[in-house]
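Annotated features, as they stand in TrEMBL:
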- B:90, B:91, B:92, B:120, B:134, B:138, B:257, B:261, B:262: L-histidine binding site (BINDING)
- B:1-340: domain 'Aminoacyl-transfer RNA synthetases class-II family profile' (DOMAIN)
């Protein structure tokens, strides 16, 4: 960087591990975010946001699990004022901070969602992304099992809104509270409890025999952690979904989630595709997180339950299922001109159409007509109007459908109605 | 940071100089972005995006002006792989990089917009923000004066869409090309040209006498830089807006814009409020920016013209003009319950309404009814339904308007129609 770069050419590559969103890519985010907003606002959630910059200590004080994340996988730097700053690796600590800051003024239950970008310093060789977008949905201030059910229902409704059928995914529910109960019943030490959580977490990746051996070493009976024996709070949850006609929620004691802050129900949404039965996203209940902050109430934190859902896994899921929509720009029509002398008239026509609600792009006539039409087609704009001397004289324009090649003659005064009723 | 923080309480403050967006704050961004999207998509612009992380060299190679910005005012750090990374201070270099990278596949004219967050390391004592959101609108691939006119027209239409009248603002247009012409006519050196630009830039802040002295020192006649003598390209532009019925575009030779990369038309939108005649936002033509990149065409860069508009100045402008809308959540109705035993029935009613398109939040009945109603009012949800034994028995619900206190009795089967026709 110390060399004189002025005479050198710059790379057009983005920074390593992050993405450029050209219009085709951005359209997926727009679709994702607008579908998400529809579903979560239907359930009473309201949007909040925060800066990607947070004091680094926000991620270091939750115990060893997360301290590891902040040290090895985080983007942290020291600013000019000597403050240690992090690019947020997850949103939950931020929303817990914001809720703790205003817990006296805020009303509960409080339903919040956000669509932040998150950063992880992934080792390059893994080929994983360093930045992704993640929906965060959280419900604060309720310890009701119905709050847990509502959060799972929002996750379910999202999958349905993306076009997934009930057979495309399954919601697996576990309980950290129940694991704690099992640990207590078996007098497990803190370290043994961690071992138990780790064993459950990797259950799908190890053999049944190794799992059984692991349990036996901890002195825990296999039957108390069998999918056939859900604890009472999970039984209640499954009954709720059964009554609501939702058939894709099941108990899976191996769902424990990575983060140390979960205290109750935990869940993960799994793809049921035979080639790819992986977790798409998940969340759970965390009742002590806001208690970490100085403004938290003396009687403990505000209870919370929520989940996060990343753009990359959902996009992959939709691509495999054939549920991605083809790119269509927001522009309804492109106006080309037979001569640059008519560009002002084309602009005037565009202005009229825009005032009547039609999205119009105009060519300035710097290239010949054929190239202007190619430009419209490359932009994937569905329709084209050519402005020439003849059209201006007669006031009748030909609208060309650039997909089918079909043309229609439409008088100027009916153009906006034509586009507004397509 | 080396101390054990686990036993200490964390601060609830955000990082210095950035903002938390609680729902009331976020709603302004939502309004701003959706109004913007409406206007710019009407004019044929399509959305793109990129990561906030960029290689730092993107900002160091444009000459001294910007090297200063990257050194003193930028967030830069070295990542674990030894790369120098910047949090983008502006979006134009990013979009120029993206256009240069795909200039063979992209079709021109190319209309792009984005709504990125930008970072500046402002000195704390100034009390200025370190992060803000900024609309960026750019038109690539045309050298037509009509492209300049279109960009100014988009800025004008945005102001009108925010509710500003023509008397609330004025668009002042200058020309960097004309300044270059004047410099050439007067045989000014590069340093003298810089001095001339600096003199014009501070014209509003210095006395007429000091301005005249400055011009005389450079040997430049005052008349060639008088607002009364617009250069031909500006005359053409003013005529275009006059013909289009837009009366708020004027020539001002003192508008030159800070960035070194402008090459032609430059403009700024000014508040006309007597207490605050400051520039709200602006932009201009930059025809050589993409030429800095390795994939640029041998015959030079793709011409560009565009502007940026920040959320903070626009919010201040709208607040002073009384154009900010009061906060209304997206939630149409809150369902309270007379007993927690009825919370499942309340959820079922909410589910029915949601399937019919109504945004509903539900209480779980953990607090008494009066406190549930206070919760709805604090969330500023406009209407309330109470679910009790009686309502469930009769199938008739009372809808309370939480602003006026008025109540209406509505049978269950007509509830969704009631809300959908409000």
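Along the chain as shown, residues are numbered 1 onward.
Glycine is no exception: its Cβ is also placed from the backbone N, Cα and C atoms.
Feature annotations (TrEMBL) mapped to structure.
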residue: B:90; record: L-histidine binding site; DSSP class: coil
residue: B:134; record: L-histidine binding site; DSSP class: strand
residue: B:257; record: L-histidine binding site; DSSP class: coil
residue: B:262; record: L-histidine binding site; DSSP class: coil
For residue B:257 (L-histidine binding site): intrachain residues, at least 6 apart, with Cβ closer than 8 Å: B:174, B:176, B:266, B:268, B:282, B:283, B:284
Neighbouring C-beta atoms (10 Å sphere around the C-beta of residue B:92 (L-histidine binding site)): 20
Surrounding CB atoms that lie within 10 Å of the CB of residue B:90 (L-histidine binding site), all protein chains: 19
Local Cβ density at residue B:262 (L-histidine binding site) - other Cβ atoms counted within 10 Å: 24
Per-residue pLDDT averaged over the domain 'Aminoacyl-transfer RNA synthetases class-II family profile' (B:1-340), given as an integer: 91
Largest separation between Cα atoms (Å) of residues that the record links to L-histidine, namely B:90, B:91, B:92, B:120, B:134, B:138, B:257, B:261, B:262: 22
Those residues of the chain, 6+ apart, with a Cβ under 8 Å from that of residue B:134 (L-histidine binding site): B:90, B:91, B:115, B:116, B:117, B:118, B:308, B:309, B:310, B:311
